[in-house]
Amino acid sequence: MLCIGITGGIGAGKSLLSSTFSQCGGIVVDGDVLAREVVQPGTKGLSSLVDAFGQDILLPGGALDRRALAVKAFRDDAARNVLNGIVHPLVANRRAEIIAAISEDAVVVEDIPLLVESGMAHLFPLVVVVHADVELRVRRLVEQRGVAETDARARIAAQASDEERRAVADVWLDNSSTPEVLVQRARDLWYHRILPFAYNLSQRQAVYAPAGLVTSDPIWLGQAKRIVARLKTTCGHKALRVDHIGSTAVPHYPGFPDFQAKDIIDIQITVESLAMADELADPLLSAGYPRLEHVTGDAAKTNARSTVDRYEHSSDPNLWHKRFHASADPGRPTYVHIRVAGWPNQQFGLLFVDWLKANPGVRADYLDVKRTADRLAAGDMGRYADAKEPWLLDAYRRAWEWADSTGWRL
């Protein structure tokens with residue numbers, strides 16, 4: 001089952017996005033509907049709201065007066081936090097009940113207005129944010145919903161900022177044009193990314209790195225930050241650390257030539273043992289990262305290095321074993337390397353990035369090697385890796401010489 005999260009500020013067009021995905025075949029779990037359900041007359045939720053905000057948030061018949069509640073709950077951060085503290089846990093429990101009853105082959109669309117504010121974004125393999133600027137949203141609320149302008153602005157101000165939403169957005173859909181334009185963008189997203197993602201996940205099938213080198217893209221760092229947060233949430237205490245590694249972790253440095261890389265995000269999860277790595281297989285699959293069992297380790301080095309004494313200068317090839325997962329999302333190819341803390345391959349994954357960042361000459365040399373390898377490989381990733389290996393073997397020695405000279409440690 002693929003569960004995606006969608007969100008957007010009030011008046012941005014989230015309801016239209018949700019209904020479009022529903023028409024495409026998605027099973028929509030609407031956070032607004034659940035939020036209303038858990039505060040119906042006679043519920044614990046409504047009783048708690050009355051205790052917190054007073055009897056005057058009720059209509060004469062005993063139902064919740066949502067406008068009266070909004071006036072009180074959105075007046076400041078403290079009041080909003082009280083509201084969220086009551087409603088969010090109740091909605092989460094009801095959501096879990098609904099999800100548990102849905103077929104495993106479904107694509108579940110979770111429509112969550114406060115996805116960012118509730119800290120739930122990292123629970124989803126894909127987050128879609130629909131956006132419109134503030135003035136357009138105010139106009140829609142006033143003209144289409146009859147909300148007073150001052151209330152509209154207060155509600156918008158009480159929600160997450162555009163920057164906070166953009167930070168969690170795997171997909172950013174602009175809705176400043178007509179409804180028809182948003183519908184078409186949503187349908188394109190559904191059929192070209194979401195459905196292929198769901199299929200790949202059902203088949204435990206990964207997306208591999210596209211052929212060719214591309215110039216370093218500033219968005220890689222933001223994408224990796226989201227992936228790291230998602231994987232930390234998925235792995236919990238079983239991950240000792242989660243890091244962005246590889247060439248996409250090397251930013252552009254002004255005044256130096258552009259670096260290049262395959263358009264693939266490499267992530268390293270550090271664990272205490274391979275047994276712990278195996279325990280992460282199912283959680284990572286649910287997060288969108290199936291395991292590729294044919295990849296069992298990295299190219300071993302003799303007299304390997306480590307800052308951990310018992311692994312220092314070891315020639316044991318078993319210390320280069322790992323587990324390997326990759327993303328099923330065609331929109332963001334990602335490799336996930338799970339390595340054991342202190343083992344030579346885990347340490348070199350981190351050292352190599354720091355060495356590249358600190359040495360412009362090394363970056364230039366490595367780029368030349370990658371360009372040659374890319375040309376010789378003609379799109380074959382195995383040949384590409386093999387062509388780089390002689391340089392990387394020497395780079396292993398040079399990187400550790402740099403580590404020794406600079407006092408590099410984890």
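Each residue's number is its place along the chain shown, starting with 1.
Each Cβ is built from the backbone N, Cα and C atoms, and glycine gets one as well.
Features as listed in Swiss-Prot:
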DOMAIN    3-201  domain 'DPCK'
BINDING   GLY11, ALA12, GLY13, LYS14, SER15, LEU16  ATP binding site
REGION    196-410  region 'UPF0157'
Between the binding-site residues ALA12, LEU16, whose Cβ has more other Cβ atoms within 10 Å than any of the rest?
ALA12
Check: same-chain CB within 8 A of ATP site center, minus GLY11, ALA12, GLY13, LYS14, SER15, LEU16:
GLY8, LEU17, VAL130, ALA132, ASN175
Which residue, of the binding-site residues GLY11, GLY13, LYS14, SER15, has its CB surrounded by the fewest other CB atoms within 10 A?
SER15
According to DSSP, which kind of secondary structure is GLY11 (ATP binding site) found in, if we only use helix, strand and coil?
coil
Across the region 'UPF0157' (196-410), what is the average pLDDT of the model, as a whole number?
96
